[in-house]
């Protein structure tokens, strides 16, 4: 597995923060780093396989990656990221207690993926741009300024994450997308789902299309197919069983949709013919 080292990304040995844009981020094999990072998805879509679990990411997704986490990107489509790198929560010169603002693992569950709405994403971009402008400065005031901006970024993300902000339809849509990640195999009634998240069906269709480029059902089908592809690669379950586990009631229909989406059959993926296992 590829290991990325801080010496290749941080501007100096004492820099606590670095900005690494990926515009766009292509498919990238599994790796980990000797530093931490906050991945901010600007726009586009892709699959983020994080510690073996696939997540669909779109504009507004924020992922917190620790130095022992492993992850990869695949099936990217105009995926643009900004990575905010930091050495460790306790490696800042002027800040202490940052760990309290970061996601916490509880009973083996780590809430790595958050979502923010478009207006918050704009504020995030401004903070990141200010940090990036100061990267070449190594004096104490500049270091303190960058660390203060990093603290502001964490506060903004925490206050604006789905757990704490459901005031507008964009935030409720983000919560719906997070819900689909956990309920993709369920039979989905879009009228009922829209009601559940206090959205009109028209608003749901319009905003989901704006954010992902897909209609709700197309987005759900792609999510199911992504989950199925992951299981084909990493489990011994039969194609039929995987189809049912991912929300498809007809394995033949599943195979047709799968080939249309990936240009490979489920059997091809299982046997590694797409090159993933080579």
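Quick reminder: no glycine exception, Cβ is built from N, Cα and C everywhere.
These features come from Swiss-Prot:
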type: DNA_BIND; residues: 191-212; note: DNA-binding region
type: DNA_BIND; residues: 239-262; note: DNA-binding region
type: DOMAIN; residues: 174-272; note: domain 'HTH araC/xylS-type'
type: SITE; residues: 241; note: site 'Interaction with sigma-70'
type: SITE; residues: 250; note: site 'Interaction with sigma-70'
Packing count at residue 241 (site 'Interaction with sigma-70') (other Cβ atoms within 10 Å of its Cβ): 13
Where residue 241 (site 'Interaction with sigma-70') sits in the secondary structure, as DSSP reduces it to three classes: helix
Distance from residue 241 (site 'Interaction with sigma-70') back to residue 250 (site 'Interaction with sigma-70'), taken between C-alpha atoms, in Å: 10
Neighbour tally for residue 250 (site 'Interaction with sigma-70'), based on other Cβ positions within 10 Å of its Cβ: 12
DSSP helix/strand/coil residue counts for the DNA-binding region (191-212): 18 helix, 0 strand, 4 coil
Secondary structure composition of the domain 'HTH araC/xylS-type' (174-272) [DSSP: H/G/I, E/B, coil]: 72 helix, 0 strand, 27 coil
